Amino acid sequence: SKRWCSEKMTRKKNDRPNEAPLKWEWQYVQGPYLIVVWIMVASLAKILFHLSYKVTKIVPESCLLIMLGLGLGGIVLAATNKPEYQLDPNLFFLFLLPPIVLDSGYFMPSRLFFDNFGAIMMFAVIGTVWNSFTTGFALWGIKMSGLMSDKVDAGLMDFLLFGSLISAVDPVAVLAVFEEVHVNETLFIIVFGESLLNDAVTVVLYKVFNSFVEMGTINVHPVDYFKGIASFFVVSVGGTIVGLFFAFALALISRFTKRVRIIEPLFVFLLVYLAYLTAEMLSLSSILAVTFCGLCCKKYVEANISQKSRTTVKYTMKTLASIAETIIFMFLGISAVDTSKWIWDTALVLFTLLFILVFRAIGVILQAWVLNQFRIYPLDKIDQVVMSYGGLRGAVAFALVILLNGAKVKAKDYFVATTITVVFFTVIFQGLTIKPLVKWLKVKRADQHKPTINEEIHERAFDHILAAVEDIAGQSGYHHWRDKWEHFDKRYLSQLLMRKSAYRIKDDIWDVYHKLNVRDAISYVDQGGHVLSSAKMSLASMPSRTSFSENSVTNLIRENGSGVCLDLQVIDTVRSIRDREDTVMHHVLTGNLYKPRKRFHSNYSRHFISANEQERQECEVFQRNMRRRLESFKSTKHNVYPTKSKARHKRDKSQKKKNNDANDTIPNGKPRRNISWQNPAPIAVEIESEDEENDNSETEKDEGITFVARAADEVFQERTPSSNLDVCQSPCVIPPSPTCAEKELPWKGRQGDLPACVSSETTKIVPLDMQQAWNQSISSLESLASPPITEIQLQPTLAELDEFPSPGPTPLHLARFQFPDSTLTTQHNSDDESPDSIQQQELQPLVSYERPSWLGQSASSAGTRWPVQFNRASRVSLLKNLVSGSTSNLGGQSSSSQTDL
Amino acid sequence: MGATGSAVSRVPGADEIQKETGFSSAHIYRLYDRFQVLDKDDNGVLSRRDLQSIGELAVNPLGDRIIDAFFPNGVETIDFRSFVRILAHFRPTEENRQREPNASEPLNSRNSKLKFAFQLYDQDKDGKISRAELLQVLRMMVGVEVTDEQLESIADRTIQEADLDGDGTISFEEFKKSLEKVNIEQKMSIRFLR
C-alpha cells in the first residue's frame, strides 16, 4: 500500500539539508502519514457533505465521493503532470473490502436472509451466470457485426471474461445507494444478498475465463469446462466452509474471554480477517467466507461478550467499513483521471451499458416469475423494476479489470475504460435516479383516498392480526428446517459455544415466564393479592404502562369525572374546530400507531447508528404483553385461592409495621411521605422483606435466570411510586424529587454502573430471536446517555421525543410537569415549561399533553423498600393546579395513609 | 414443501377438514407440520402456552388478543381441526367460485373475516364494541407517547364516526359499514404455502 505514495515524496526529501537542527524524517513516516492524511481528507469530506442535509438527501454519498475523487485526481494530475494514485487491486482486496463485507455479514439480519435464501441464491448464481454469458455473447456479436472499432482486439473468450467481471452486482455500491433509498426489507435483502453471494460466481467465472484466455482458445479442451463448473462448487462451498470454521472457532474462543474482557472485541476482528486471508490463500471465495463467518458467529459471540464489548465491536466495525467505503469511492474517482490506462471506444461503452441494463432486466423478470411460483410474498412489478435498476457495479469490477494481464488480454485498456464508465454510470446516474424512481412508482401505485379514523385504526389492527396469524401458521419461510435447526442449535451448538450463564438464560421464553409467573403468583397470593412482587420489577426496567383493566378504580374515575370529557363536549358543538382535530388525530395516529412487524432492522447506515423505532416499539409491546400475561395469570391464581390470601393478609400487616419502623430510621432526616390516590383501601406496599428478596435471588440462581430485581430496585428508588397505585392502574404518580440525603443513600451510590447492568439483565427475558434487537436498542440508549441516567432507563423514548416531528397544526409536545427542585427532570423541564406550552395546552384541550404515565407505572413495582409516594397529575387541563396541588398535598396526606397502614 | 398423498393421510380427519375449510391437502399437511412443531408436549392439542411461546407474538401489539381468539368460549386447548378452522378465516377468497346454495357461509368470506376482527375488539361478546373495549385495543396499538386523554378523544371520535344508531357503541353492522370501502378480502388474507 505504500508503494503508490512513496515515489513522489522521496524526491522532495532529497533536497533538504542534513545538518539542520530540526531533523526532517519524512521518509521514515511517509507511508503511514500519507494513509492517515488520505483518510483524514475523506473523513473531512464526509463532514462537509453532511453539513447540508439537502445535498445528501438527493445525492448519495458514493456519488459525492467519486466526484471528490475526480476533483482531487485532477488537482494531483495538474500539479505533478502525471497521475499518481490508483485504486490498487491488492490494497482493495486485502484491506478495503474485508471490513465492508464483515460489516454486512455481521449485521445481516440472518432471519430475513435465510427466509429469502432461495431467491438470493437464484439471483446470485443463475442471475450472475446469465448476465455474464449474455453480455459476453452479445458484445461478441456486436464485434462480429462490425459495429465496434477494429482496434478492439478481442475474441469470444475475452468478451466472456469481460462479461464475467462487469456483470456482478457490487455489494459496496448497492449498500451505499440502497441504504439511502428506503425500499422494503425483502427487496433490500435480495439485492444485497445477491451482491454478496455472487462473489463466488464472479470469482470462478473470472478465473476460468482468464485461464482460458491465457491458455489460448485453441488449447481449451472440453474437460476444462467441466473443471470450471467443478471449481465453482469448490470455490463457493470451500469459502463457506472456511467461514463456518472460523465462526466456530471465534464463538468457542469468545466463550473463554471472561477475564480478559478488554481484548474480546479484538478476537472478532482477528478471526474474521484470518478467515478472509485463509480463503484468499486457498483461492476460495473470501467474500463468502467472511459473510458466513460474520453471519454465523454473531449469535454466540453476542451472547458471550459483555455489553461494552458488543458496543465496541459494533462501532469499530462501522467505523472501519465506513472508512473503507469512503476510500474506495474516492480512489475510484481518482483512478479515472489516469487516462494513460484507458482507451475509449464509444460503441463498446454504449453497447456494454445497454446490455447490462437490458439483460439484467430480462434476467430479473424471468427469475422473478419462477420465484413467484413458490413465494408467499410475490415480487411485484415495482420490486422487479427496482431490482433491475438497482444492479449497480462497483469497485470489485474495477479492481478485477485492473488485474487483467495486458499482455494476454489485448483489449485490456478498452475494457478498463468501459468498466470505469459503467461503474460511474451505475453509481452516479442510477444512484441519483433510483430514489426518485422508487418514489414515483410508489406514488403511482398508492391509491389516494383519505382514510377515516375507523379505517385507519382497523386497518392497522388487520395488519397486526395478519402478522400474528402468519407467525402462528408459520408462513414466513422454511419453518420446518428452521425448527429442526433451532432444535439442533439448542441441544448441541449453543451448549458448546455459549457460556453456561449465557446459554441458560437463552432458554425458551415461556419457560422463563412460566417460572416467573408461578413464583409471582405464589408471592402474590402470599401477600394478600395486592402486592406486585419482584418478578414484575424485571419488567419494570422497561418503559411501559400496564394494560387497561376495565374495572380498575382509575378507569372509573376517568370515565366519570374527567375534565377532558367536559372539554370534549364543549368542542363537539363547534364544527370548524372539529375538522382541525380530525387532522390532529390523524397525525397522532399515523405517528404513533405501532407499525406491523418487520424483521429487518436497518443497521446498514454508515453515517449514524440511531435508536431504531422498531426496536423501541418491540420493547414497549413486549413489555405490555408480558405484563398482561402476568396479570391474567395472577388473577386466575387469585381466584383459585381466595381464602388463603385473606388469611395471609393479616400477617402481612404486621410485617409491614416492622418494615415501616425500619424504614423510618433511614437517615435522610425526613419523615416518609406516603400518599395514595383516592386512598381507596389499605393496600400493602412495603411488605417484601429483605429475607424474601434473598429467597428470590436464590431461586433465580437455581433457575439460571437473573432478574433485574436488585438493579431495578436501586434505580427506581428515586421515583418510587406506590404499588397500590399500580394496582389501581392509577396514572397519578409523580416521581419524587430526591433530596440530597436521599441521593447519598448507600444503595444509590452505584448509579453510574446501572445502565449496563440493567440492560444486560433485561436481555435475559427477551425471546431468543429478539435478543439482537434488544441489545441494540439498549446499546443505542447507552450512546444517548446524558447525565440523569435513571431518566434514560425509564424513558428511552424521551430523547427521541424531543425530535418528534410536530404533527398537524398544533405541535405535539409532551408537556412535562415541573417538580420543585427536581434534579432528575430538570433537563426535560427546561424547554417545555415555558408559558407557551401551557398556553398551547389550554388552546387545545382535546388533544392534551401529558408526561407518559407509564413512567409511574414502570417504576411502580420497585417501591418495596422505600415507600415514598407522590400524587401525579394526570389531567392536563388541570395542569397548573395540580402541579402545585400535588406537591402541597404531599405533606398533608402522608399521615393519613400512614395510619391506614 | 413436498406433500405426498401418504403424508396427508397421516393427518387425522384430513378429508373433513379439507371440506370444511377449503384448504388443499398440501396446505393441510404443511399446517399439520406446523401444528406439531407448536405442540411442545406432543399431546395432539395446543394450549395457550404453546402459542404464547412464539417469539413474534410477544412483540405483536395484538398478539395476546389473537391467541385468545384461538381459544373461543374459554376452552383450554384446541385440536388440529379447530386450529385449521381459525386459520381458514385468513385464506384468500376465491373469486367467482360458486358454492352450493345450501352450504353454510365459507370461513373465508368477507363477512367471516370481519367477524373475526370484530371479535378481537368485542371482548365481552355482547355484539358491540364499547368505548372501553375500543380504548383497550387502541392502548395496545399506540405508542406510549400518546396520552390517555388523546386516546380517549380518538376513541370518542371513532365511535362517533361509526355509530349510526347513536347508542355510543359500534355494532357489527356499523363496524362493517365503516369498513365498506376497504378491501377486506385482500387485507385479511395471507398466502398459505403449498
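Backbone N, Cα and C atoms are what each Cβ position is placed from, and that goes for glycine too.
Just so you know, TrEMBL annotations are computer predictions that nobody has curated.
Over in TrEMBL, the protein carries these features:
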type	residues	note
TRANSMEM	A:31-51	transmembrane segment
DOMAIN	A:40-440	domain 'Cation/H+ exchanger transmembrane'
TRANSMEM	A:63-79	transmembrane segment
TRANSMEM	A:91-108	transmembrane segment
TRANSMEM	A:120-142	transmembrane segment
TRANSMEM	A:154-178	transmembrane segment
TRANSMEM	A:187-209	transmembrane segment
TRANSMEM	A:229-253	transmembrane segment
TRANSMEM	A:319-337	transmembrane segment
TRANSMEM	A:349-371	transmembrane segment
TRANSMEM	A:391-408	transmembrane segment
TRANSMEM	A:414-434	transmembrane segment
REGION	A:631-680	region 'Disordered'
COMPBIAS	A:645-657	compositional bias 'Basic residues'
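When Cβ-Cβ distances below 8 Å are used as the criterion, the transmembrane segment (A:91-108) is approached by residues 1, 4, 171-172, 175, 192-193, 196, 269, 272-273, 276-277, 280, 286-287, 290-295, 297-298, 313, 317-318, 320-321, 323-325, 327-328, 395-396, 399, 603-604 of the same chain, each at least six residues removed from its ends. A:319-337 is the stretch from A:187-209, A:229-253, A:319-337, A:349-371 with the greatest number of Cβ pairs below 8 Å to the transmembrane segment (A:31-51). Highest Cβ contact count with the transmembrane segment (A:154-178) among the listed stretches A:229-253, A:319-337, A:391-408, A:414-434 falls to A:391-408 (criterion: pairs under 8 Å).
With respect to Cβ pairs under 8 Å, the transmembrane segment (A:187-209) is most closely packed against A:120-142, considering the stretches A:120-142, A:229-253, A:349-371, A:391-408. Annotation: stretch A:120-142 has the most Cβ pairs under 8 Å to the transmembrane segment (A:349-371), among A:120-142, A:229-253, A:319-337, A:391-408, A:414-434.
Residues 200-201, 203-204, 207-208, 267-268, 271-272, 274-275, 278-279, 282-297, 300-301, 304, 496-498 of the same chain lie 6+ residues outside the transmembrane segment (A:229-253) yet bring a C-beta within less than 8 angstroms of a C-beta in it.
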